Amino acid sequence: MNISIIGTGYVGLVTGACFAHRDNHVICVDNDEKKIDNLKKGILPIYEPGLEELVEINHKNKRLMFTIDIIEALHNSDICFIAVGTPMDEDGSADLKYVLSVAKTIGQNMKKHMYIVDKSTVPVGTADMVRKVIQDELNKRKSDISFEVISNPEFLKEGTAIEDFMKPDRVVVGTDNEASKEVMRNLYAPFIKNDGDFITMDIRSAEMTKYAANAMLATKISFINEIANICEVVGADVNKVRRGIGSDKRIGYSFINPGCGYGGSCFPKDVKALIKTSKENKYIPNILEAVEKVNNAQKYVLVKKVLKRFGHDLKGRIFAVWGLAFKPGTDDIREASSITIISELINRGAKIRAYDPKANSNAKNYFLKDKENIEFVNSKYTALWESDALILITEWKEFQSPDFEEISKRLKGKIIFDGRNIYDHMIIKDCGFEYFQIGVAE
Ligand code: UDX
């Protein structure tokens, strides 16, 4: 099929590369000329395992093209995916200006019947707005070209996005139009294992599904973090409690890892947007408000532990930080707990020596104003020199079984604050460390 994808951010690029890899002709469009020039040279705007190779092969085979010319892309495609950003407005709602401006351009320029697919995460009702904007433009042109608007939310996780796309748990398609269902079914056929994994529904339910999925996952995390906090005050160990509850199949082990809060470009934004939408519709979403509140507080839990151990004045203290990305496998630091934790420590006079396998450069840009107080180093052990303690924020694989002798040789204080509970309590204590985790009574 001939596909155009508007927006070569994370979602657009992964979607484009994967469709191209399954023999479609894909034109990826962006209005950022530099980004498009770089993509033509094989330079990607983001780090995502496997993406660079996929882009390279398919660009070479001419199945994946890049352009800033949206009109040309529309004229050469039958399906157009809208995958532009929906940043968070100051009031927490999703800002639809990019989505609607693309819709307007489509309405002004389409020459034949097209399927328009909303891929960006957009509030319930957006597809209707997109349809109206396109129709209004066609009316202005006195054109009777027909088109369909479809909702097809993405469920890609950063770090495993290619795999998530190639072998999805499910594909959700929102449309009431039979032809649209068929087109989408054919398009996704190479990716779907079982027929039942291709789920069709009305557009509003599809739009809502994306928010409900992310809200559910965020709820699981805030729930276990709250349990962790209760464990600490009642003298229990959340690691054991997690095993105890996860073994119940109805609960399961996934997404109940306690930590220093969820981050990233999706959960914080989508939970906020769903709260906003609910309130606009005169419903108070009590659970979601609590999920957000618990998560905001959770980002301070490690800071509180550091202050309890070292006092509130951290002048003269140096802390080694392992992990800056909001989770392993990505260079993304958006809404990462590391930002809150590092800022709080610096504000109290501490200096930071930080290391992340992929996110050093993004974090360096973020902390430009603090560059006197934070140094970014190239290896996990270098970060430890002269440091009073190690603070682990992101559970990258390379942090999982480090050489504890090496750590104790380099650290000034044999103290570890573990924001993801990745070490074995007994091993660490045997090595003579003071060890602080989330949700374990001290
Ligand atoms: C998420 C959704 O999983 C994905 O389906 C959607 O399309 C986009 O948002 P992503 O933002 O890439 O994906 O991250 P995810 O792997 O879901 O993790 C989000 C955050 O939750 C991370 O900060 C992670 O550290 C945290 N987390 C996750 C926990 O704290 N505990 C857990 O048990 C799981």
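Here the Cβ of each residue, glycine as well, is placed from N, Cα and C on the backbone.
As the structure is a computational prediction, the values presented were derived from the model and not from experiment.
When the candidates Lys62, Lys327, Lys351 are compared with the substrate site entry in TrEMBL, which names Phe155, Leu156, Lys157, Glu158, Lys210, Phe255, Ile256, Asn257, Pro258, Gly259, Gly263, the shared residue is Lys327.
Arg334 is the only one of Arg334, Arg348, Arg353 that TrEMBL places in the NAD(+) site (with Asp30, Lys35, Thr86, Thr121, Glu158, Lys269). Taking the Cα atom of each, Lys210 (substrate binding site) and Thr121 (NAD(+) binding site) are about 7 angstrom apart. Note on the domain 'UDP-glucose/GDP-mannose dehydrogenase C-terminal' (320-425): its mean pLDDT in the predicted model is 96. Here the binding residues for substrate are Phe155, Leu156, Lys157, Glu158, Lys210, Phe255, Ile256, Asn257, Pro258, Gly259, Gly263, Lys327. Their largest Cα to Cα distance works out to 24 Å. Residue counts for the domain 'UDP-glucose/GDP-mannose dehydrogenase C-terminal' (320-425) by DSSP state, with H, G and I taken as helix and E and B as strand, are 35 helix, 19 strand, 52 coil.
Max Cα-Cα distance over the annotated NAD(+) binders (Asp30, Lys35, Thr86, Thr121, Glu158, Lys269, Arg334) is 24 Å.
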